[in-house]
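Reading through the structure tokens given below for one structure.
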């Protein structure tokens, strides 16, 4: 036990001496993805590369998805022209791509806002765990990306074959859901219950369709833009998906909140917000239908096999299998799938616990706004130091500090119960401290993320380009998603509540109803969050002792150890 503690604190107190920037001529060539199968580094929560809310981390607070160009840098330095004629010839295509990515961000933003709506309706954390599965499609889209790349109707277009039907289906789902959402959310009748299972199925399908649309649009960007401007694809993704996520998450939560609208947007208070979930879904369902129809009619697709080569389904899956069987990849996969267990409780539960303590969900969502400049600047600053021979050293330096953020968040959640001036109201200094802590947390999140993306670019075999890197990012995304889902499910199991008057346990819904029906309340004796945080902290320094040397060994392996061709 003392040895892991020693190693953990050795890493913690070691000064953050970063590598000076070093030239690495093959770095950008490693990121070229001519065999791109249509995915990119997303979240978690991207996103955060570009961060989607699922690919970076599970969110401890809402943040904007940020898309890194790691997989989007389609042309290597030797293939890019030495001149830059500008973007005027591709301006219409760039605007269209941005808008398509905005549409993609809408269901992602909504999926990120639903847990906050559910928490305000007092659903259990087990139900939150069930809903967390809606974020999985973007993490596992590698499984069907080769099908999207290879099966199409030639006359209709390789990418439009998939993009047009998926966008129509997203629009149809939204329109139908807009009429049923009140019943699903338990608002159609007094004391109605939320149908979490049905909500999970619907949003899982929405995100599955959005992930498929993402594969198609990523591929179409290769041929829609001229070769000298194809690098703009990552910029379109960053701007579009960030805007879409903002609209579907932060803006929606603010405009849906009666308190926010009455305090800041209205002269006379009303009982409802400016928008409802049903109205928001209906509006964007119509937008999806109109946009898809216009694109289908007026935007032709031009194939360019030199830029967007085809790869057979069987060949793609064979390539993936060969990569997975490499000893170095197996060792690294274990690291990717286990490294973020220690962050899971803080990332998945903190925002929900703050809402449970009384913080208004729309105010919590607005924390994402001041984080946008940080999320833009940090990757640019950190990437200067990860462009060396040992990018994972940055990962190891940031890891213990990020582990420490868990107990810090737990203290803030504990403090929130005592610092409220009135129900749902907190003093300004609490918000300020919370924002500062979240900003510090983001520094360590991005140090780990950018180092990880740089390492992926370093080890990816250029012969198979994007397929290799997408596999690594898929493993990283799964490594963030499964611990978050497990933490949400497990927290209810270790939370103990009892009836205020009788002392009887409130361990089931029926027992809670009996207690509250008698005019009593179920009081929390043991908060599972305060148990999971120390447990995850312990897991963090044990993991560091277990995998630190192996990660350094992998970071120093020659390129041949990662090649399967």
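Along the chain as shown, residues are numbered 1 onward.
Including glycine, each Cβ sits where the backbone N, Cα and C put it.
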Message = Between the candidate ranges 194-211, 212-229, 464-481, where does TrEMBL place the transmembrane segment annotation?
response = 194-211
Message = Can you identify, from 428-451, 500-523, the stretch that TrEMBL calls transmembrane segment?
response = 428-451
Query = In TrEMBL, which of 115-131, 166-182 is labelled transmembrane segment?
reply = 166-182
Note = Which range of 64-87, 232-255 is transmembrane segment in TrEMBL? It is 232-255
Interface present between the transmembrane segment (94-114) and the transmembrane segment (194-211) (three or more C-beta pairs under 8 A) = yes
Query = What residues in the same chain, six or more past the boundaries of the transmembrane segment (94-114), come closer than 8 Å to it by Cβ-Cβ distance?
reply = 45, 52-54, 59, 62, 65, 87, 131, 134-135, 138, 163, 167, 170, 174, 199, 203, 206-207, 209-210, 213-214, 217, 221, 224-225, 229, 232-233, 236-237, 239-250, 252-253, 280-281, 284, 287-288, 291, 295, 299, 365
Ask   = Can you say which of 134-154, 275-298, 319-343, 528-546 has the most Cβ pairs under 8 Å with the transmembrane segment (232-255)?
value = 275-298
Query = List, by number or range, the same-chain residues at least 6 past the transmembrane segment (275-298) whose CB is under 8 A from its CB atoms?
reply = 96, 99-100, 103, 106, 110, 117, 160, 163-164, 167-168, 170-175, 177-179, 181-182, 185, 248, 252, 255-256
